Every structure is written in structure tokens, then in C-alpha cells.
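Encoded as C-alpha cells, the structure appears first; notes follow it.
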Amino acid sequence: MLGKGVVGGGGGTKAPKPSFVSYVRPEEIHTNEKEVTEKEVTLHLLPGEQLLCEASTVLKYVQEDSCQHGVYGRLVCTDFKIAFLGDDESALDNDETQFKNKVIGENDITLHCVDQIYGVFDEKKKTLFGQLKKYPEKLIIHCKDLRVFHFCLRYTKEEEVKRIVSGIIHHTQAPKLLKRLFLFSYATATQNNTAADPKNHTVMFDTLKDWCWELERTKGNMKYKAVSVNEGYKVCERLPAYFVVPTPLAEEDVQRFQGHGIPIWCWSCHNGSALLKMSALPKEQDDGILQIQKSFLDGIYKTIHRPPYEIVKTEDLSGNFLSLQEIQTAYSKFKQLFLIDNSTEFWDTDIKWFSLLESSSWLDIIRRCLKKAIEITECMEAQNMNILLLEENASDLCCLISSLVQVMMDPHCRTRIGFQSLVQKEWVMGGHCFLDRCNHLRQSDKEEVPVFQLFLDCVWQLVHQHPPAFEFTETYLTVLSDSLYIPIFSTFFFNSPHQKDTNVHQRQLSLPLTQSKSSPKRGFFREETDHLIKNLLGKRISKLINSSDELQDNFREFYDSWHSKPTDYHGLLLPHIEGPEIRVWAQRYLRWIPEAQILGGGTVATMSKLLEMMEEVQSLQEKIDERHHSQEDPQAEPPCLLRNSARLSSLFPFALLQRHSSKPILPTSGWKALGDEEDLAKREDEFVDLGDV
Amino acid sequence: MASSSTSKYNSHSLENESIKRTSRDGVTRDLSEAIPRLPGETLITDKEVIYICPFNGPIKGRVYITNYRLYLRSLEMDSALILDVPLGVISRIEKMGGATSRGENSYGLDITCKDMRNLRFALKQEGHSRRDMFEILTRYAFPLAHSLPLFAFLNEEKFNVDGWTVYNPVEEYRRQGLPNHHWRITFINKCYELCDTYPALLVVPYRASDDDLRRVATFRSRNRIPVLSWIHPENKTVIVRCSQPLVGMSGKRNKDDEKYLDIIRETNRQISKLTIYDARPSVNAVANKATGGGYESDDVYHNAELFFLDIHNIHVMRESLKKVKDIVYPNVEESHWLSSLESTHWLEHIKLVLTGAIQVADKVSSGKSSVLVHCSDGWDRTAQLTSLAMLMLDSFYRSIEGFEILVQKEWISFGHKFSSRIGHGDKNHTDADRSPIFLQFIDCVWQMSKQFPTAFEFNERFLIIILDHLYSCRFGTFLFNCESARERQQVTERTVSLWSLINSNKEKFKNPFYTKEINRVLYPVASMRHLELWVNYYIRWNPRIKQQQPNPVEQRYMELLALRDEYIKRLEELQLANSTKLSEPPTSPSSPSQMMPHVQTHF
């Protein structure tokens, strides 16, 4: 597919000039004509954003009260987004403008947010990619934030159909160069206001000072030191410029294998035990080199085993724990459950909902991650052990598990700033390959694995189970998950700090960036490396790893005893991981499905009550303060008008009110066979002999 | 770890003030003094046993059996476990192990309870202690088989509120604006002669005479004729309930019944059809013809439209709940939780019941058509549908007293066979008449309250206490099958009502988020995406699954409420102080704002 994807019609290089040709409306369109002529909905472009192609008289399907109706408008594609400009936008504008995404409108889809595109040809749905021979009458776009758009092109001019369809396919599906990311055009256009907001205290971990601060905060500075050996990425491009290692570790050791095989500090617990991570040494066939590697690792282990260091337990994350392949497969099944085309599909899948959920394994993977994090927490908290996480690159499951452990053990990570700093420390500086894992450049579907999404989902479980322990709500997490696909923020658009630094600085030079495609194709399966690690460390590991029974007992006891005590929201926080406790993150996954909307209900109903009460208490507080200061009578002022507590939908703040009437939504599917209960079903409620009537 | 289990077990116990006084130290000499006792409750026996706790292993304890409850206190110093189980909850008592049983704790009793748990006690093989305990338990758990009265008739509790006065049918119908031009109140059933399972007071169409009613009764199963349950305050459409028509194999007709339904239809002039919801699956309705029942076919009832709601019968529901117990007790199915849950079909049944009720409510509210609801006898599925639809349509029923009235009216007075469905004091645990129909209704209410957390005045504890006393036999509320039986037994004179307990302690059962909204119709989303297993009820005995009580958001809200009240009080005090000070020159202003605890909350 690579290279062949450039379509003549709407290729990125020869984008058609913006043309605002007014269109002829077909007879069958019944809209208020006065409105049509007067209102030309304008396209809002961001600084640096360019219109690439467009089509008019496109019909967008809107579902309302289990029947679909259409809205006419223009479908445009820019170098940032696909946008639909509906003719009745005004109605929406008046509606709920109180909460609105400032960057992405209701009908905007950033190019990176597009997941799959389908075309409908004679009622048949087909995946669209590459060059098309025939153009569809309907376009269905599945988004990575799980929105589904239906656009009917039947009334659009053939030429425009060709242009918009091939344009959209090209700009969203074809492989891209890093330098083509909208990020860069946006940054150029808004250069002067890229400076960091002084109020923002998120620690970026891009200076030695930041790491020292973190060491001090966690009291890890006795045994660990921040090093600048990788300044300018001299040693390794996968590591950040500054990081933290055990104090006695020599800097030459870091350089020896380009930072591989080095225990890198993540976090220190109040009792002195620490969480460390290590990437594997390069695979070697040669016995001599293997021998060298072995003695090197032995040396490293000796260093970190010597007092004052705690006993180290190695946790091999590339072993039997969880593979990236599993995560990928599970999520692709799981997301399909929410990408629903219509009401019929919703109710058809409703009957089998629980088994469909289970067969995706997504919730089970969440459970396994949480369980692993609890096990590690137990070792650190109860057994005073150091934990060394091992993974080939130490940049996928290492990021996930280490940040989960910190969210559970360190209340600072449950504040907004603390959480952002954690993401910055473990994920961005930890070299998680966001570019590849999100497949932002569409270069390899195989590398696309929602590891960060999995992390957010695990954190959501904790937020859902213990809301008072977090400064942020689930909505914060949902918005954060959306920002993965908005190429305005650079946070989630690079594979490593090195890649970011080189590109942001050298961008002006327009260097060919093809080589920056991070790593050569590498599978997820790392059985070989896995063995390697085990072989090299075999003895020590076997000494340290408890027998699995004992491990289970420790885990059970720790878990049960924590849950039997009242929760201290400012202390250690553990999730419940039993079957009924791991749930679907409804806000993120169900928010665009009108059938799943509870009008005037859901958790938002209690949340808004809570907010109202807070406002009331605050205003009372102010009044009391005021009274103390000036002795005038505050009764004169009108009673504080609280937020209009209009009924919000359970989908708030994401979906606008999609149902305006109070009609209930009724399941359309029937009853599933009862199987072995068929006999019972046929029985009478009571044996009644009505024969004599 | 075991020592921490006290609070958990205590918190699950049925509401009882005396529990709070229970001493935890266990050194009290007079042990019988320390066990909670209701007025009228007498201690029968006590024994040393080993309680085999499915979660924490065997615990040595002393069990006290009274004529009301089984009470166990652990004798181990490090575990302060307490079990407090009303004998009414017991469904079955089995002996386990024989005289030759060798294994540790293999000889004793296994008690199956109606509230999703089993209790196992190990006893010594020598000295007949098991036989004694078995006999005493059997005697007092199943008093009907031993010609003993149910405990409700011995209970001498006094409350400052009389729960029996909560429901007065005349008042309730008056609240609905009845009687009116189209509907009248009739006393034809005063002595339960027309229908022995209906209440004495009925609301029927004005144009139907008492003779008409008698003739219609001959054509409805068990004489349960169509009568009004609820009338829409604005459009005057009605929900009418009844039993199936006696059509039979030959397809019998009854002119009076046809005319009667037409009269009902005509009370509402907005639509030309009467909508009939038959709660059963259509195959069952057809099959019912073989035993003389059936449904209203449209070639006979021209002005009616019939829909089947596909809700299964009491046997299916009973088996479904059994499967739920299998996956949650004692251990929660872990690795395949979701598919196991699905295979119980429990939530699927809930979905169908809710879907049916939504249809009824919507037809009345926006379809502007009167609705007639029946199943076979009109006392199980019909009660579920009418009461849930009423709960959706009428916000009054979402208050604590309103809900009590709803239960009292649609379930108790209209003859849901509580006695047969629950088996109060009856030892026949395999009785095919038993079925968790009322529990299923309460579960539906819980699902609604979960989806609309601000719409109900009551909280989850309210629903759970109702279910606890559905089995306990401490109150007369749910005893017997119908009003006529209750009257014969003088239940209101001789027993206490559950509503007395609840209404004299209302604060405990209130939902702090409740926002009264008159005229708000509430349609829950009957999708599996939103339905969930009621963990706090079905899995409440498992200390691992236990949810935080009260939930943290609720707790935070209560704190804010308290803070608000405090501030309002302070503001009033300040105003008062100010008005007295007005004449005087202002004193040196200190900075009292520093004294205020400033609002700090994460939400």
C-alpha cells in the first residue's frame, strides 16, 4: 500500500484551491429556503490549517428517536481535520455552548482520529483504502474516539465525490512522513504563544533539576542520583537526556551498552524501596559476547544488591504477563462493540452483550494489569523490596505498570498536576512510542497498540471505585484520551524525547525524516530476548522469585486486609479486581450512542447536584466573610442564581442532547432461546383447572 | 485479618437497634443478656458450635436460637464475628455427615437461606447436640408445620408511627382524582364475594353496573376482572389490570366482557383503540387455552390492540435466581464472570420486565391510549408491570411513603401471593409455587434508581430492608396471599407493619440527592449496557466484594449539606448580631473568615 496511496484526485501535494461554489439543491431537500440562502456556514481554520478539498450537498445522518434523518451541508477535508458544515448549525450553537471542546467541533474529525473508512456500494459495506475504481454512495467513518459518521453522497456532484472521498482516504490512510504532521504547521503559525503557561506546574522532566526535585520529593536522593551522561543523546536515543540511576553506578556502565541493562529509577516509596526499570541487552549469538553481557549484568546486580539497597525482585514484563499482541487483539474486538452503525445493531448486540464483552478480553486485561500492580505494591509496601521491571525496550508495559503502581502508592499522582507529571515522566520521557503505538503516521498497523489507552482505562477503574481519592474526574481522563489524536499538542506525537528534540529543532532545515521512523520492524514477540534475560539472570531470579503459591497467599492477604479497612484516600489505594468490579468505562465508550443515553440520569445527575451544593456553600461562605468585613446588609443582593440545573443527559458533556423528545427507547430485538429451561418456560404459573368454567 | 470482619457482618444484619448495644468484648457473664432481643422474643436454646465461614474458615462460637432468630457470636478472642439471622430467612435445613464421619468439621448442619447465602455449623458427634439444634430450628423456622404462630403474631414491638395507616385506598384514589365522571368506586367486593383475591374496594367504569361486573367475573380467571390501577392526571387515560379471559380451546366469547372492555376504552376519547398488554410470551398465551385460559383475539375484541411482552413465568424466574446464587455464593466466579452472569439470564429477565413497563407507561403517557394489562392470573407479572409503569409515570410513588403505598396497593392488596411465593414458615422448600417475583420487581426499582440517582426519595438501604423483611416474618406486611386472608387473620390488629419501623426512622432511608420533580416521566434505558447485577444485595455476604457504604460521593454530599446548614445558621446569627449592633458603632473587626473551614473538595 505504501506509495501507491497517492490518489490523483486529492493528493496532499496538489490540494485543490479552496472553492466556495454554491451548489444546486435537489428538489427533494426540504429545508427552510430562506435560511439556506442567508447562512453560509464558515469553516473555522486553526492557525496554519489549510483546506484541501471539499464537497457540497452532502447529507449527514443524524439518529433521533430510533429513526434517522439527514442534515445537508458541506464536507471538507483540511490538513488537520475532516469537518462537516451542516446547514442548521445555528440551532446547535444556541444550545449547549457552556461546555464545548474548543478545538474539535461536534462534526470535526481530526485526521489522526479516523480509524476505518467504509463505503456503501449498493447496500454493501466495504472498507475503503488505496485508489478507488468506483465511488461509494455513502461514506461511513469510524473514529478512534468511537464516533461513527454516516455521510450520504448521493446528491453530491460526481466530481466532488471523487475529490472528497479520495482526499479523505489519502490523508487519513496513506503513510505519512513525520514532518507532514499538522503539529509543525500549527507550531510555525503560532510560534509566539508556545511558551509554557507559568501557572502550569506539570513537571516535564526535561532538566536535571526536575529529576532532582522528584528524587527529593520521594526521598530517593539517598540512594539514587540524577545523571546527565545522556545529554544531547550521546549515549542513547531511546533514553531521555537526564534520568536517575543508583548512586554507586558508574557512568561508563551506562555507556557500555547504550543504556541497556541499566537499572533506571522510576520512583521511591516512603519506606525506601524503589521501583526500577531496565531494558534488555541486545540479542547476541556469539558466546563470547554473551559472556561479556553476563558478567556486565552480574556486576550491575552486585551493585544494586549491596546494602543499603533492599532486596531486588525482578519482574519480567515481556514474559508470561501480557503481550502487546494480546492488547491489540483485545482492543480491536472491544472497540467494535461501540462502533455501532444503527439502532438495530445496538439492540441485536444487546442480548449477547456480556459474552461479547468477555470474548474481547479487554476487561480481563485490565484486571491482569491491576493485579500485577497490586502484586508489585505488596512487595514494595509490605516486604520492603525493590522492584526491577524488565522489558525489551522498557517503554510499553514498563510505562504502564510503573505508572499504575505510582498512582496506587503515591497520592501526589492522584492530583491533576501530579498525574500529568507522571505521564510526562513515565510515558513521554520513558520513551513510549506514541507515534507508532497510535499509528499516527499510518506506517504500520502492526505496531498500533493502545497501551496508553489501557493505562487510562486502568486508572479509570480506580477513579470509578474511589472518586474522592482523585483530584480529577473521569471526564478529565476521557478528554485526555481524546487528545491522543489531536495533533496540536506535541505530547503524544513522538516516539522519544530524542525524536521530539531533533524534529522540533531541525524542522526548519527540512531534513528528510524518513530515517527517524523509530525502530526497524520488530515484532512484539520477544521470546528470544525473554530467554536471554532469564538465562543471564537465571540463578538470581530463581533465588528471589517466591514460589507462586506463596506469592498468591501474600497477595491475597495484602489485598483482603487492605479492603477490610476503611479507605484512606490520601494513602495507599488498591482497586477491587473481582469480576463484577471491573467495569466498562461508559463515559468514554458509550458517549456517542444515542440508545445508551439516559435522559436526566447517570452519574452526571449526582455530580451536578454536588456542584450546585458546592457553589451554594461557597457563596454562603463569601457572604459570611463579607459580613464580617463590611457590616452592610447582604440581603439586598438577589439570591445567587445557581447554574441552570436543566436536565443533563448521561452523555454530558460529550454529546449534545440527541434526543429532544421524551420518548423512551425501546429494545427492538426479541428474546433469546432459553435452552435447557424450555420445559419450565412452557409450564403454567399455577396448575389451574379451569375446565369447569 | 479476621478481627476486622466484625463491622462487615454487623453492617449486614437486619435493622435492629439492639445490635448497636451488643458488647464486643465477650467477657459479659450473663451472655443471654447480651444478645439482641425483640419484645416478645424468647430464647429457646444455646449451643457451642463451629461456624464454617466460607470466607474466613471455621470459627468457634456460641449460637443462640430464639423464636425469631439465630444469633451467633464467636468465642475466639481475635475474631468478633456476629451472625444475626431471622429464622424466617431459612428455606431448608440439612444434616451433613453421619455418625461415622471422620473429617474435621464434617458433622453438622447446612442451612440454606432465602437471601442468597448458606450457613454451615459443625457440631460434636456425641450428646445429641445436632439433633436438638435441628429439631428446634425446624420447629421455629417452619412454625406452620408445627401448628405454631408466625413470629409476627408474637412480636410486641411498639413504634411511634403506625404503618398500617400508610395506605388508605379511598385516599389514594382521591389523590388520583377519583371518582370522576367516568370512574366510580364500588364496594361490590366488600365481603370478597366477587373475587376472593381482590381488595374490598375497586374502581370501575361509571357506566358498568355491579351486575355487569358479576357477569364479567365469570369470564376472567379467578374472577379477577379489569379494574383501574392508575389514571393519568392530564389525558385521563388509564392503566387497568386483570387476569386472562377464559377463552379456552373452543374460543369462547363473552359479550359482557367485550362490552366491558369497550366501556373502558370509551372513558378515553382520544384514541379509538384500547391497548392490551399480555405479559406472557405469545406461545404461552396460546398454550393457556388448553387449560381454559387464553387472550383477547382481535377478531372478537375489534377495538382492542393486543401485544405480548414475552415475560417468562415464575418457574423460569426461580431457576434464573438459583443460577445467580451459584455464581456469586460463596465465591464469585472470576475468570468468566460476564458469560456466567449472562447464562443466568437474570438481567435479561429484568430487561424484559422493564421494557414491558416502559411500553405500558409510554402508551398511556404519549400514546394517549388506555391500557389493559394481564398475564395468566394477574398477580405476578401484571403486578410488576403496573407498579413499574406507575413508578415511571407518577413521581408520587418515588417518595418513601408513595412507594409504600404502591407496594401496599399493587402488590399486597391486589393479591400477589406473598405467602406462596416466599413460603413463610413453610418447610416445603421445593414448592413450585415459590418464585422471586417481588425481588425481581425491587431489582427493577433498584436499576431505575441507579439510572436516575436523583429521582427517588429512598436509598438502597430502603430497598434492602424491604427485602430482608419480606422473609423475616417479624412484620405482618408481607404475610398471606390476599387481603381477605389477612382480614380473617386480623393481621393489622395482631401484627406490626414494616412501614412502622421504616417511617419512624425515615432519615436512615433517605437519598440525599433526591430532587422532587412533579410530572417527570422516568424512562430507564432497558439495555444490557446499563443493567447491572445488584452487587450490594446479591453479593453482600462476601467481604471481598463489599462496596463502600455509604458511597463516597454521597458521603461528600452529606458533608456539604451539613456545612451549608452550619453556614446558614451562622449567617442568621450574624444578621441577628448586626441588627442589635446597628445603633452602636462597629466594633473592631477581627478577621473571622480565618476561622471558617474553607471548602475544599475535589469535585
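All residue numbers here begin at 1 and follow the chain in the order shown.
Positions of Cβ are set from backbone N, Cα and C atoms, glycine also.
Unlike curated records, TrEMBL annotations are generated automatically.
The following features are taken from TrEMBL:
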COMPBIAS  B:1-13  compositional bias 'Polar residues'
COMPBIAS  B:14-26  compositional bias 'Basic and acidic residues'
DOMAIN    B:163-538  domain 'Myotubularin phosphatase'
BINDING   B:Asn313, B:Ile314, B:Cys375, B:Ser376, B:Asp377, B:Gly378, B:Trp379, B:Asp380, B:Arg381  substrate binding site
DOMAIN    B:344-406  domain 'Tyrosine specific protein phosphatases'
Filtered B:Asn313, B:Asp377, B:Trp379 - binding-site residues with C-beta under 8 A from chain A: B:Asn313, B:Asp377
Residues of the domain 'Tyrosine specific protein phosphatases' (B:344-406) by DSSP state, where helix covers H, G and I: 45 helix, 4 strand, 14 coil
Cβ neighbour count within 10 Å of B:Asp377 (substrate binding site): 23
For B:Arg381 (substrate binding site), nearby residues of its own chain (Cβ under 8 Å, 6 or more apart in sequence): B:Ala279, B:Arg280, B:Leu309, B:Ile311, B:Val353, B:Gly356, B:Cys375, B:Ile437
Set of same-chain residues at least 6 away whose C-beta sits under 8 angstroms from B:Asn313 (substrate binding site): B:Arg280, B:Asn284, B:Ser376, B:Asp380
Other CB atoms within 10 A, centred on B:Trp379 (substrate binding site): 27
B:Cys375 (substrate binding site): tally of other CB atoms within 10 A of its CB: 29
